[in-house]
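Working notes for the structure below.
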């Protein structure tokens with residue numbers, strides 16, 4: 001489906017329209033600072049493309065169970081793996097600490113909203129738990145979540161660990177989508 005964001009992504013050389021969600025959030029909340037960035041669920045790669053452009057110092061580590069179509073010569077590492085597996089977590093930990101963790105990952109959808117939101121919840125909680133292990137003090141975390149399940153539990157977890165917490169629905173989210181983003185800034189209160 002070619003909407004205005006899809007066409008804009010093609011024109012500007014991004015791999016997916018989802019990049020405009022990250023751009024909008026970053027313009028409002030200044031996610032990037034010096035330090036390493038971790039992109040969990042990086043495929044197809046548009047979040048990583050933008051993150052790489054925004055690197056001030058440090059490296060970008062992109063993780064996904066699928067390959068992504070990005071290769072950069074410097075300051076970029078791709079880890080093909082599942083964040084639920086120890087081997088992948090070990091590789092992620094090799095580059096810690098991170099000043100920012102971003103995730104636009106979504107589970108494979110079934111069409112059953114209850115199942116999909118439950119799977120999104122489990123995936124989001126895993127990303128948060130992993131982020132708590134690898135984030136720098138005062139680091140930032142951005143995670144996509146499907147609405148309609150236990151997202152308030154996720155929000156409360158953010159509030160426990162971050163000084164600033166915000167629920168965001170960027171303009172680039174499709175009208176019929178039930179995705180939102182949770183942002184936590186200044187880890188470690």
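The first residue you see is number 1, and the count goes up from there.
Any Cβ shown, glycine's included, is placed from N, Cα and C.
As annotated by Swiss-Prot, active site, proton acceptor applies to 144. As annotated by Swiss-Prot, S-adenosyl-L-methionine binding site applies to 45, 47, 64, 82, 104, with the evidence given as sequence analysis.
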Query = Where's the emptiest Cβ shell within 10 Å among the binding-site residues 64, 82, 104?
reply = 82
Ask   = If you measure from the C-alpha of residue 144 (active site, proton acceptor), which of the binding-site residues 45, 47, 64, 82, 104 fall inside 10 Å?
value = 104
Query = Just counting, how many other CB atoms are there within 10 A of the CB of residue 47 (S-adenosyl-L-methionine binding site)?
reply = 31
Inquiry  = Return the residues near residue 45 (S-adenosyl-L-methionine binding site) by Cβ distance under 8 Å, restricted to its own chain and a separation of at least 6 in sequence.
reply    = 15, 16, 62, 68, 69, 70
Request  = Return one of helix, strand or coil for residue 47 (S-adenosyl-L-methionine binding site), based on DSSP.
outcome  = helix
Ask   = If you measure every Cα to Cα pair among 45, 47, 64, 82, 104, the residues listed for S-adenosyl-L-methionine, what is the largest value in Å?
value = 18
